[in-house]
Amino acid sequence: MQEFNRSDKQYGFLALLPLVIFLGLYIGVGITFTIMGKEDAFDQLPRHVAIFIGIIIAWTCYDRKTKFTKKVEIFTEHAGNSGIVNLGLILLLAGAFSTVTSEMGGKTAMVNMGLTVIPPSLLIPGIFIMSGFAALTLGTSTGAQAAFIPVGVAVAQAADLNVAAAGAAVIAGAYFGDNLSIISDTTIAATNGVGAKMKDKFKMNVLIALPAALITAMIYAVVGGTGKVEGDLSFNFINILPYLFVLVAAIAGLDVILVLIIGIIMAGIIGLAQGNLGIFQFTKAIGEGMESMFLIFLVAFLVSGLVALIRYYGGIDWIIKTMKEKAKGRKSAEYVISLMSGVLSAALSHNTLAILISAPIAKEIGDEYKVPPKRMASLLDIFACCALMVLPHDSGMLMVEQYGDVSYIEVLKYTFYPVIFVICTVITIQFGLLDKDKKLSK
């Protein structure tokens, strides 16, 4: 991919305005229509339209010396980068996997098994834990969300539980597992970026994340409701095999794209053998599943291109420079590292990219104030993940809205984990916990 230089004129904070306008329009209009009692409040101004307004502003209101054609070229080159294409492939295959398994009876079997094994009062916490385990083994929050959001929503609907709470539980669990997974790209980027050992980073993350996860699970047990489990809950274990394969293959370290392809084929073979699917029903289900993910892929594509323009105009550099200037001592250095990772993750809508950008700066700040590498790696990963959990345009949030027919605000009300996780991390920083060196600079 072609690399672009920065614009001759760097706009600093002003370069972030297209992103601010997009978020302000989408969230502001959605909240306004919600207050007015309008149905589908957040669909009145579609998110991709709001993003495109921001893109047009980025194309037309900055750096008049640069040709419009080049600005479009910057957008298209970076909107279609390998990370976004990889995300798109995962989303398309996940959509196909979800639809095929549903058509052959897998989703019903999975839902019935969940309703049979998990007590009704613990269904939402159970969804949270299952999603976390999936992400831990897959090494990707996106893969876990793609696999479990349809199931979690279906379980909630079948048990007459709060669908928004179930969706929020899947998102939270996915980032909980991804944050701890040693095969996650965020873990690899964070540890390699600051020179930390994976086992050290894992130990520290567990000690911070586990209390937050336990508190979250208890809250979901209280607010999730007891549910009404009625009707025939019988299921054929064979129909669950594609889901189990996805988990087992992930533990074995297979790539998530390959795992989903094999899972689709396995689900198709089972459906054909049982007579639940014909060959063209199978291919149609694949197509319909992929189509269900087009809009989410489009949003990711547009946001990635918009962020590239913001970087070109100096917005990301301004964030890094501002964060770096705030570090005055050991404790403040840890706060700066955390805030920088979170802000970049929110601005870029990509936790791994945020870590890759902020890790060298974090290492420079951390080395100066003697912050251990394991702490730097943990803080980078924690705040990058927490930021994405509350974004209205994160792929997980979009999928919950898609499958659960709920609004962003409804899901946000039940997004407890990132808040609790951040509080636990702030306590760790403030009181110098999990650190043998207690002599912190003020």
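One-based numbering along the chain as shown.
The backbone N, Cα and C atoms fix where each Cβ goes, and this holds for glycine too.
If you look up TrEMBL, you'll see 79-224 (among others) marked as domain 'Na+/H+ antiporter NhaC-like C-terminal'.
The annotation domain 'Na+/H+ antiporter NhaC-like C-terminal' is assigned in TrEMBL to 236-433 (among others).
With a threshold of 8 Å between CB atoms, the same-chain residues lying at least 6 positions outside the transmembrane segment (12-33) that come near it are 41-42, 44-45, 47, 50-51, 53-55, 57-58, 62, 306-307, 309-310, 313-315, 318-319, 347, 392-393, 407-409. If you look up TrEMBL, you'll see 12-33 (among others) marked as transmembrane segment.
Nonlocal intrachain contacts for the transmembrane segment (45-62), taken as residues 6+ away from its ends with a CB within less than 8 angstroms of a stretch CB, comprise 7, 9, 11, 15, 17-19, 21-22, 25-26, 29-30, 68, 71-72, 75, 295, 298-299, 302-303, 305-306, 309-310, 313, 392-393, 398. Annotation source TrEMBL lists transmembrane segment at 45-62 (among others).
Per TrEMBL, transmembrane segment is recorded for 83-102 (among others).
If you look up TrEMBL, you'll see 122-139 (among others) marked as transmembrane segment. Beyond its flanks by at least six residues, the transmembrane segment (122-139) meets 114-115, 145, 147-148, 152, 155-156, 159, 161-162, 165-166, 169-178, 180-185, 213, 216-218, 220-221, 223-225, 227, 246-247, 250-251, 256, 259, 417 of its own chain at Cβ-Cβ distances under 8 Å.
For 206-223 (among others), the entry in TrEMBL reads transmembrane segment.
The transmembrane segment annotation in TrEMBL covers 243-273 (among others).
Long-range Cβ contacts of the transmembrane segment (294-315) within its own chain (Cβ-Cβ under 8 Å, at least 6 residues beyond either end) map to 4, 6-7, 9-16, 18-19, 22, 47-48, 51-52, 54-55, 58-59, 62-63, 71, 74-81, 83-84, 87-88, 91-92, 347-350, 393, 395, 398-399, 402. Per TrEMBL, transmembrane segment is recorded for 294-315 (among others).
What TrEMBL lists as transmembrane segment is 335-357 (among others).
Residues or ranges marked as transmembrane segment by TrEMBL: 377-394 (among others).
Nonlocal intrachain contacts for the transmembrane segment (414-434), taken as residues 6+ away from its ends with a CB within less than 8 angstroms of a stretch CB, comprise 128, 162, 164-165, 167-169, 171-173, 175-176, 204, 207-209, 211-213, 215-216, 219-220, 223, 331, 334-335, 338, 375, 379, 382-383, 385-387, 389-390, 440. Taken from TrEMBL, the feature transmembrane segment covers 414-434 (among others).
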Listed stretch, out of 206-223, 243-273, 335-357, 377-394, that has the most CB pairs under 8 angstroms to the transmembrane segment (83-102): 243-273
Residues of the domain 'Na+/H+ antiporter NhaC-like C-terminal' (79-224) by DSSP state, where helix covers H, G and I: 126 helix, 0 strand, 20 coil
Taken over the domain 'Na+/H+ antiporter NhaC-like C-terminal' (236-433), the model's mean pLDDT: 86
